[in-house]
Structures are given as C-alpha cells and as structure tokens.
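Student: Before I ask anything, let me first share the structure, which is written out below as structure tokens.
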Amino acid sequence: MSKTLIRGAKVLGGAPQDVLIDGERIEAVGEGLSAEGAEVVDAAGRVLLPGLVDLHTHLREPGREDSETVLTGTRAAAAGGFTAVHAMANTFPVADTAGVVEQVWRLGRESGYCDVQPVGAVTVGLEGKKLAELGAMHDSAAGVVVFSDDGKCVDDAVIMRRALEYVKAFDGVVAQHAQEPRLTEGAQMNEGVVSAELGLGGWPAVAEESIIARDVLLAAHVGSRVHICHLSTAGSVEIVRWAKSKGWNVTAEVTPHHLLLTDELVRSYDPVYKVNPPLRTERDVLALREALADGTIDCVATDHAPHPHEDKDCEWAAAAMGMVGLETALSVVQHTMVDTGLLDWAQLAERMSFRPAAIGRLTGQGRPVSPGEPANLTLVDPAYRGAVDPAGFASRSRNTPYEGRELPGRVTHTWLRGRATVADGKLV
Amino acid sequence: MMRHLISAADLTKDDAVRILDTAEEMARVADRPIKKLPTLRGRTVVNLFFEDSTRTRISFEAAEKRLSADVINFSAKGSSVSKGESLKDTAQTLEAMGVDAVVIRHGASGAPFRLATSGWIDAAVVNAGDGTHQHPTQALLDAFTMRRRLVGRDAGLGQDLAGKRVTLVGDILHSRVARSNVDLLHTLGAEVTLVAPPTLLPVGVGSWPCEVSYDLDRVLPASDAVMMLRVQRERMNAAFFPTEREYSRRYGLDGERMARMPGHALVMHPGPMVRGMEITAEVADSERCTVVEQVANGVSIRMAVLYLLLGGQDQTAQQTAPAPATEEK
C-alpha cells in the first residue's frame, strides 16, 4: 500500500505537525517526518480532523433512487469530510429486516467512499405497532446498533418502553424522532408569530418536548440508553440537561440547519426551508449552540434528506420536508460554533466524530489521530470563503437552504482507511 | 401601485385609499344601464380556482367583464390538476397562452406568493384567497363598505378609517379574512379587536396589531362595526369548542346582543353565513347587516384592483416595479 505524508497540518487545530499514513493506518505523527516514498500533501494552514461521523443520514436506497443512492450519498458524505454515516431506515421497503439492512450495508461496502452503518427500524414498517426483529438486524452482517423510526415518532409509550428495554441485550440504542403526532397533525412550520401570520399549520415546540420528557423518564425507569434525534427547541435542551444532571443515559444530536436558520425564512414560502422538525426561532438557535458547546447536546448530525427538484419546486403545503446537508455540515458548524468562539477544533472533532462514533458503537471510526489508528481523516481549509453552489454537489439532490450563501471552510482531503476519497477538493 | 396583490399587509395607506377611491368610481359604472368600461379590452385574465368558491369567482368574473377583459375560467376540478399536474406546470401553460393576469384561489397558504415570485410566470397575480393566509380583496371590500357607511360615500373619498372600532368575531385561527382585515384595517387607522374562544386564536396572535378579547358582550358597546366570521360545524369534532349551542351562546350574535351595539354600528359577514351558529336570522336579515352590500361592493373593489394592476398606469413602469414587500418583511 502507498504512503501519504500530510505536511504541517494543525492536528485538531493544534500546532502544525506531519502525519504519515502507511496503508490503512496512521504510521507516525510528529515534526519533520521523512517524505521518502510518500505522496506529500502540503497542509500548511489547514486543520486535520478525524474522519467525520454522521448519526443521521437518509441515503434513500432502496426505493427512492431518484433522489439519492448509496453511491451518490456516500460520495456526498466524502465530499463533506465524512468517513462514516448511519443510513436511516425509512426506505422503501423499510429497513426493518435483516435482509434490507444487509443490502444497504453491502451497497455501502461496494461504494468505497464512506462506511455505511445501517440504522434499523424500531417497528415493522415504521408503523409504531409491532417491534421489528431488532435482534436479527443486530446479528446480521450489518451489525445494527442504532434503531430508529425516524420520520415518525415511536409515540406509543409501551412500544417505546419495550424497545428501550429489548435492545439492552446487545447494547443497542433507540434514536427517537420526538414528535407527538396528534399535536402536529397538518403541521407545516414552527408554531409561533410567523406561522400565525403566514397561515401555515403550526408544529409546536411542546410536541417535541413532551415526547423527550417522556422518553428520558422511560429510559431512566428501565435503565436503558436513549438518543434524541435532531433536537430543535430551547425547551428540549432544558429537559436533556436535566436528564443528564440525574446521570441518566441520554444522548442528543442537533442538525447544522437548526444551528443557523430560523422560521423567519419561511416568509419566502420557499419550500427549501421546509424541514422536520421545523426551523425554530432565534432564541432556540442560540440555546442549541450553547447546548452543543457545553456538551448537553452530544453531537452534530446532518439529517441529510435528499428530495427531487419537483418535490420542492411547488407550493409550500405540497412540498416534501427535508434538506441535504452532508456537503455543507462542516462549513455551517465552523460558521456557527468555531468562528463564534463557542468551540475549538478539538471540541468540534469531539462532536462530529468521536461522540457520534461512540454512540453508534462504531469501531475504527471516531478514533484519535495517533500512530496505529485507522487513517480515517479529514483535512479542512478553514480560511476558505465561498458561496454555496448546489450545482457542484455530489449528492443527486439539490435541496439546500444555503444556495448562494457565503460559508467558511472547505474540505480539501478525506481519507478512508488511508485511501483518498477526496483530494484537492475533488472526489477521487 | 404594485405589480401583484398578494397580501393586504403589502398595501400602504395611500395604496389602500387609492383602491377604495377607484372603487367608488367603478361603483358608478354599476349604476349605469350599460355596466361596461373599455379599460381592459384585449387583455386576458384567467380565474385560476383550485378551491371551489362560486361566489368569489363570479365576483371577479363580473369585475373582469365590466372592464371588457377576455376572461378564462380555470377550475382545478376536472382539469389536469386533479391528475397530478403541479402548480408550476399549470402556471406555465397559462403563461404560454399569453394571459395578462392570474386571479388565483388556492387551498395552500402562500401559493399565490410562490406564483408571483418563483419566476414561473410574468403575469400579474391577484390573490383570491390562499389557505388560511390572506384574502386581500375581501378586506378591501370590507373596508370599502365600512367607509361608505361610517364616513360617507362622497365624504369618504380620500379618507381612511382612523379611529373606527372594528370587532372581528369567530374562527380567527382558520380565517384568511381575519388576517387580511387585521392588516388592512390597521393600515387604515382603525382599532381592531378580535373576539374568539382561545382555541380559535392562533398562537402568536399577540404580535398582531390588534386587541384580543374572549368576551363578546364587553366589546360590543364599543364597536362601530362587528364582523361575524363563519364557524364550520366540523371544528366541533376537533374539540375547538364543546357544542354548537355553547359556541352560539358565547360567541354568536343574536338580536339581544345586537341591541347592545351603538345605534350606528354595522353587522358584517363575509359569507356564506351559518345561520343559527354565529348569527341568528333576525340579525342577518336586519337593516344593520351589510352582507348583500358587501357582495355588490366586491365587484367594484375587484374592478379597481384589476384596473390599477393592469391598466391604471404606464406599462413600462409596471414592468420594472418591485415584487411585493412580503419578501423583505
């Protein structure tokens, strides 16, 4: 296998160092390493991070290959600096059997751009009625650890309780899409001042918070761990903070878009801003940033949700919910968290690589940049400034809310077990 | 004057007064034996109705015909829309046929705004009611009716509604009429009070430029106009209120309550009324009730809006005019 010498990179934002990759592993980290026999990447001024890990990605295959496939989605992931993604279960057919999760897992292996760890559905068909064969999915080649009905809430308290208990047998975790269904019938956007004016059905914060409150109590009662998907409100932050203060095994994620965008954007009625949970208020955005900084929220997850053009080029009510996010995630987090002084790069690495890998029990991902570790690495140029151009996306879909917006930072290289998947800003 | 009419909130006081004054001129046409002006001869207006609304469509159609426009009625029912065609494709089909204005009624809030701002078409867009968002020509005809009755037909020219106390009663939450009226009446200087059970007021109503009350009897004596909004019986099934009778007792307008209003005060209703629910027959048929007048005024207002959007000024100036102000808001 070939050698690569990354010269003068700020490892996790620290002092410049050389990192030598030999084959699939990091051979050495230090100053003045020999470049003999190695391809040299000049990384002056750039930040070297562990390969990013996403706990929440919609790859759409099988079933909606018109919006994304495992191949296009993992190419988008690599372009965004990710070396592992968790593929959500709301495909067609639903990933609720060992057969489907193994198919997704195999497609990921074949793509070669990024590790794909399938998420299994909690209930059959995401219908919230009957537990899917969670054990079989865990025992399959895919080795499923994270289970989620994402897109739908496991709203039945008994089903949720049983799922939380059942997955303890193999150290699994239920990732809850917290949305009380009755309170969100016909919901189109955050319920508040803007929805009142626009005449769009409200998605109240309490519909998220009431489910999170119930689930942290359930997790505590049965001694299980629970993960909260795409937490979006200031109230949810307070509940998770309280649960953690009790020592309960609760983890939570926030999306990049909830760290930056607010429901004021919905005034344009442009469905590119339609997402579930919806964009909230400025107050929520600031609370989420603070919570991600102080560790109440464990990690960033993209909720990358590709949709075909026609599902967004229409009136608001008819449009699909969701945004692509893999290729802009790091820039948005740099913009909202690093450039604002809330996080340094080492803390960002914690929240975009180490923690999500730990929650998903991934081995070989989210590892330190140290000799002997797998060479899953991302090199970032933090000084770069540029407007987001969806035409350049590797994703098959273009439904980004950031088109034309200037964001900092650019992934110049990504290595997956020593192989460059991105070099000089281009997919390899 | 703007290029489209999407929301009552986009109108300045000068815009609104100008529309009301123009509507008075248009109303004179209705008093003539031949009710027709040549203003829009050769211009094509399409009434694009994705929701059933015979009353509003007929009102627009009468206005368009009195201005000599060529009128196309496009109802979503039985058209390609029911077979899954998108709003965009429908719009571009109409554009290809060379329409000058699109009057759109749509069940989705924001659909007219999207039509006007997405680059799908060049035609002027008039919102004839979108979801639970806006119905600006209704608010204009309501303001027109109030100005005529409370200020005077001739005395009202050039005037706003400063100091007039207007009470809106009923299902505010689901009402585009209420939203449009609050915006326009506030612009015209009126003092607006909303009265409804708390379940039928939107979260966030506190930021609207109006007062909110749960007590109709307290508000009535201080009202110059009381606008009753339709309350659909189905709302009962979604627990917005316990029973039809309880709603009627607490928020309906009957003769006894009407007697507590000042002598000059009007009873208004955008129609269609649910008699026995929000309004009793006695009130609906009384001299104070302006329902029929509102319908007649609707034609004048819609004539004024179409005239000002399409024919009322220099064409080149129109084409370079900016999009409605909702974008920047």
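Yeah, the Cβs are placed from backbone N, Cα and C, and that goes for glycine too.
Where the annotation comes from TrEMBL, it is an automatic prediction and has not been curated.
What you see is a predicted model, and the numbers here were worked out from it, not measured in a lab.
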Student: Please state which member of A:His221, A:His227, A:His230 TrEMBL lists alongside A:Asp150, A:His177 for binding Zn(2+) 2.
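Tutor: Of the residues offered, the record points to A:His230.
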Student: For the Zn(2+) 1 site that TrEMBL assigns to A:His56, A:His58, A:Asp150, which of the candidates A:Asp298, A:Asp303, A:Asp311, A:Asp313 is also assigned?
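Tutor: Answer per TrEMBL: A:Asp303.
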Student: I'm trying to understand the geometry here, so how far is the Cα atom of A:Asp303 (active site) from the Cα atom of A:His58 (Zn(2+) 1 binding site), in Å to the nearest whole number?
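Tutor: A:Asp303 (active site) and A:His58 (Zn(2+) 1 binding site) have their Cα atoms 7 Å apart.
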Student: Can you name every residue in this chain, apart from A:Asp150, A:His177, A:His230, with its Cβ inside 8 Å of the center of the Cβ atoms of the recorded Zn(2+) 2 site?
Tutor: A:His56, A:Met88, A:Ser148, A:Gly151, A:Ala175, A:Gln176, A:Ala178, A:Gln179, A:Cys229, A:Asn276, A:Pro277, A:Asp303
Student: By CA-CA distance, flag whichever of A:His56, A:Asp150, A:His177, A:His230 among the binding-site residues is nearest to A:Asn90 (substrate binding site).
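Tutor: Nearest by Cα distance to A:Asn90 (substrate binding site): A:Asp150.
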Student: Measuring Cα to Cα, how far is A:Asn276 (substrate binding site) from A:His230 (Zn(2+) 2 binding site) in Å?
Tutor: 9
Student: Considering only the binding-site residues A:His56, A:His58, A:Asp150, A:His177, which residue has the minimal Cα-Cα separation from A:His307 (substrate binding site)?
Tutor: A:His58
Student: CA-CA, which of the binding-site residues A:Leu59, A:Arg60, A:His177, A:His230 lies nearest A:Asp150 (Zn(2+) 1 binding site)?
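Tutor: With Cα distances computed to A:Asp150 (Zn(2+) 1 binding site), the winner among A:Leu59, A:Arg60, A:His177, A:His230 is A:His177.
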Student: Write down the Cα-Cα distance for A:His177 (Zn(2+) 2 binding site) and A:His56 (Zn(2+) 1 binding site), rounded and given in Å.
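Tutor: Each residue's Cα considered, A:His56 (Zn(2+) 1 binding site) and A:His177 (Zn(2+) 2 binding site) end up 11 Å apart.
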